[in-house]
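Chemist: Dumping the structure here so I can ask a few things about it.
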């Protein structure tokens, strides 16, 4: 009796247990247990975190030997450059260090000459071997001092040397810098008595009517004016402009002429001004076909035509209603 009762109880509980066993037997991946899948997922997650941390890791400059060598090389280059600048600066001002030596040598020679105890034939020979080099050194060092005045700076000396090479030796000639609008210059040599027309014909032959000379904001229109009367002195800058042949100014009388004679009429047609009339004509033609041949126009086409017309009307009123 007891065995039968237990068997009946097992039979009654069997459906639930069978469903639980079926659910427990279901795996995420067929052929692989759920435990293996969970462990593999955890390992992959840990690897992803480690890789993400390594990708954001930045090594210190002190721990990287390559970066340290680069920085050290850069420091040494800076030090070398500073040493070179110091040497150049030392070579640029040799007067305070070298000038006392010749003076001491001259004092010693004066003392030896005053004593007169040495060999008269040997001492001049020895002094003659050293004295020319010292005098040559003194001449080289004293030359810049004689050339540079007390009020001149170190930057004015190269400019004056360049001017001395460009300027002629004759005092009656002056040099004028002709500067164009494209930053090119030309050095012109003329006399103060030369006129503007002579300057144009000398340096711009055949282009006198096209060239415009501007000095201190003034247009040099009178070709009979001399350079002296215009206060054009040595090393002055005159700006030159080459105008097109059609709009060239011949002289002061041509500036008084009406603008229609100097400027050609604008015969070109502006395409932008014709856009609105052409678009109006196209809209009118489309509306004509819409009214007379309405069977060829569908409802979306009619709505689009109305929208384009309204938009164009607002655009035209916005442009010409100001």
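Placed from the backbone N, Cα and C atoms, the Cβ positions cover glycine too.
Pulled the feature table from Swiss-Prot, pasting it below:
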type	residues	note
TRANSMEM	38-58	transmembrane segment
REGION	88-168	region 'Disordered'
COMPBIAS	115-130	compositional bias 'Gly residues'
DOMAIN	174-247	domain 'Ubiquitin-like'
TRANSMEM	267-287	transmembrane segment
TRANSMEM	296-316	transmembrane segment
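Looking at the shown structure, what environment does each listed feature sit in?
Modeler: Below 8 angstroms of C-beta separation, residues 276, 279, 283, 286-287, 289-290 of the same chain, each at least six residues beyond the ends of the transmembrane segment (296-316), sit close to that stretch.
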Chemist: What is the pLDDT of the domain 'Ubiquitin-like' (174-247) when averaged and given as a whole number?
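Modeler: Taking every residue in the domain 'Ubiquitin-like' (174-247) and averaging pLDDT yields 84.
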Chemist: Provide the three-state DSSP residue tally for the domain 'Ubiquitin-like' (174-247): helix first, then strand, then coil.
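Modeler: Looking at the domain 'Ubiquitin-like' (174-247) with DSSP, the answer is 8 helix, 29 strand, 37 coil.
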